[in-house]
Amino acid sequence: MSAGNAEPASGVRREGEATESAADLSAVPAIQAKNVWKIFGSKTSHYARLLKSGEELDPDSIHGTAAVVNASFEVKRGETFVVMGLSGSGKSTLLRTLNGLNPATAGDVLINGQALTGVSKQELRRIRRDELSMVFQHFALLPHKTVLDNVAYGLEVRGVDRKSRYETAMRWIERVDLTGNEGYYPDQLSGGMRQRVGLARALAAETDILLMDEAFSALDPLIRADLQQQLLDLQQELGKTIVFITHDLNEAMRLGDRIAIMKSGRIVQLGTTTEILYSPADDYVRRFIHDVDRSRVLTAGMVVDKTAPTFKPDESAEEVCRRLEAAGHTAGSVLEGGKVLGVVHLRNVRSATGTIREVMNTAEPVGRYTPIAELFSRAAEQIEPLAIMDRDGTLLGLLSQDRMLDSMSGSDTSGGHA
Amino acid sequence: MFDPINPDIPVGEWIADGIDVLTDAWAGFFDVVEEVLATLHEQLLSILAGPPYWVMMIVFAAIAYLVGSHRSSLKIGKTSVPVLVGSWRLALFSLIGFYVIRGMDVWEHAMDTIALVIVAVALALLIAIPLGILASKVTWVSRVLRPILDLMQTMPALVYLVPAITIFGVGVVPGAIATVIFAMPPGVRLTELALRQVDEELVEAGQAFGATGWRILWQIQVPVAMKTIMAGVNQVIMLALSMVVLAGMAGAGGLGGDVVGSLASLNVPLGMSAGMAVVIIAIWLDRVSNGLSDRRPRTKKAPTTGPDDADESSEQTEHAEQGAA
């Protein structure tokens, strides 16, 4: 099911995107990686020739280290794409092939449709300046510059004059809740604050693509959860294309629309949270999902039942009861003018005589991105399923208590993920 | 014929021949070098020794105070006056030290020595820092430089004087050249080390935002490495001072000349006075050059609550900005 994909708010477009190339760009994936290899060692150029001539290469037999083995994927515009793996699995190297910090040994990387391989140094710098920005694991803030100058760095490199780059930087400092700290130096800030500076620096560069290399891994758990939330909030509004590297599957599933799981340089599985949870590709992936807190990574939108019938508030209870029984459902939603009014349960309409308006449960619908964990107490208070709505307020479907519990178990028994 | 049992390897003669060839072939170049260095030294000396001693004493004390100072503000009543907070102890030391130098009646020679140190250090850094940068970027340059630097540093310093005198004749210039050769290596080494030690992630950050190599060098690597580079500068200065005394043997004059002269005439008071003056100058130069490398006191931590403490943070912001200036 595709409900796991948090599509970007199509209404939210950055002003910078309204340039001449906006129309053709939106058709191209933000990032494409085609058969990317990265080999470290003394015989790299030899292997590069082999691979280019189309020969098969066994990564276990080579001299040197194959950090990335034949990786292919596309990152859609506005998508949060998470690469997850243990240390040494090649995930950071893969990220660095995307902006050429570690140029791919073989294969193609395309940023907004333009290949990185074979471009001139100047062109590579332009792509890094205008189309990609990066957040680092250990922040990589410039110790001799203030927070303000650090955040403005991307713009400074681009040649933006001091006044307007400070204005932009201040806006982003405010967005990451660091107002008042712009005059400090990085070593005066706590770890969480430093990484917010790192995030603001990347955002202030106003590129469409954000590369985040284990950006939250060096932070303690509470701060990390804060920053994850902050990133999710920002992303809801900005709709950037994000490639996020992590070794924590909980983090991957919380943030990612799609997740690539890497092992020894290979992508062993690529899919949405639900795809990975319910149909792990192999034992390696299965071992990871063992530790995942499903109630926190699964959201209402991922397990919602979209097949439940809908009714109008003025329909008679008798009629609704008949239709529910005929369709084999126990509950349905009540809509008026496209808005969700409430939810009716078979047990209540059976004994009722008037319209269903009188027996429906009018509890507030739930947003699709709400983690299941936050819904249990609400669900326990009522017999009707919860109404789940999309970001724009339209009804997405219903989520019953049974379905919620099913989603917590290992297998995909709820049937909605096909 | 070469006899392997009693080998005759006249390295010294070869080098001497080489120097002869060099002297002939590059005579014009050496003339220019001599002219430039001698003029620089003369000009500097006239600046240092020209004014009355107490003027220079105050200047030295002021330099000592200002180097390593940071801006702050002093509240007098309701108005706050910007002031520079420096080390008054170092300033006091300078006043007393240079007063004593004058009292020992070696003022002129002390100024002569300072002028020579400044010329030699400037030339040494002009060569050492670019070499260090190059060595940090290009591995083979680093490999080639290492044994050469070892040789320059371990060769008894007096040895440089001989060819320097044959090339430039007796005077200030051979002393300066020998000083440059002897004092330069730590400048190269520490610059290279400092740049290589800059966190790779910082360089990557520059690259990831599309900065050019030069921009990364000047805006990231050099500022981050500055502390270690300045430690190298400090080393160069101290070695140069230790060498200018030897330069006295080449007829460079100054305090070195006094030391050499006292040795010849067994003049204990003169030797001691000159020696004490060297010590005072050494301490002054050391503290001042250290102050250059460490200028930003950043003791205050940012409030962890962040945006809520508007009052406190704005005050500290001011402080931090002033530190940066």
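Using N, Cα and C of the backbone, Cβ positions are placed for all residues, glycine too.
For reference, TrEMBL has these:
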TRANSMEM  B:51-68  transmembrane segment
TRANSMEM  B:80-101  transmembrane segment
DOMAIN    B:110-289  domain 'ABC transmembrane type-1'
TRANSMEM  B:113-136  transmembrane segment
TRANSMEM  B:157-185  transmembrane segment
TRANSMEM  B:236-256  transmembrane segment
TRANSMEM  B:268-285  transmembrane segment
REGION    B:293-325  region 'Disordered'
COMPBIAS  B:316-325  compositional bias 'Basic and acidic residues'
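Long-range neighbours of the transmembrane segment (B:51-68) within the same chain, counting only residues 6 or more positions beyond its ends whose Cβ lies under 8 Å from a Cβ of the stretch, are 84, 86-88, 90-95, 98-99, 102, 107, 111, 284, 287-288, 290-292, 294-295. Beyond its flanks by at least six residues, the transmembrane segment (B:157-185) meets 15-16, 19, 22-23, 30, 33-34, 37-38, 41, 116-117, 119-121, 123-124, 127-128, 149-150, 236-237, 239-240, 243-244, 246-253, 256 of its own chain at Cβ-Cβ distances under 8 Å. With a cut-off of 8 Å between Cβ atoms, the residues of this chain six or more beyond the transmembrane segment (B:113-136) that come close are 37, 40-41, 44-45, 48, 142, 145, 172, 175-176, 179-180, 183-185, 187-192, 194-196, 217, 222, 229, 232-233, 236-237, 240-241, 243-244, 247, 252, 254-256, 277-278, 281, 285.
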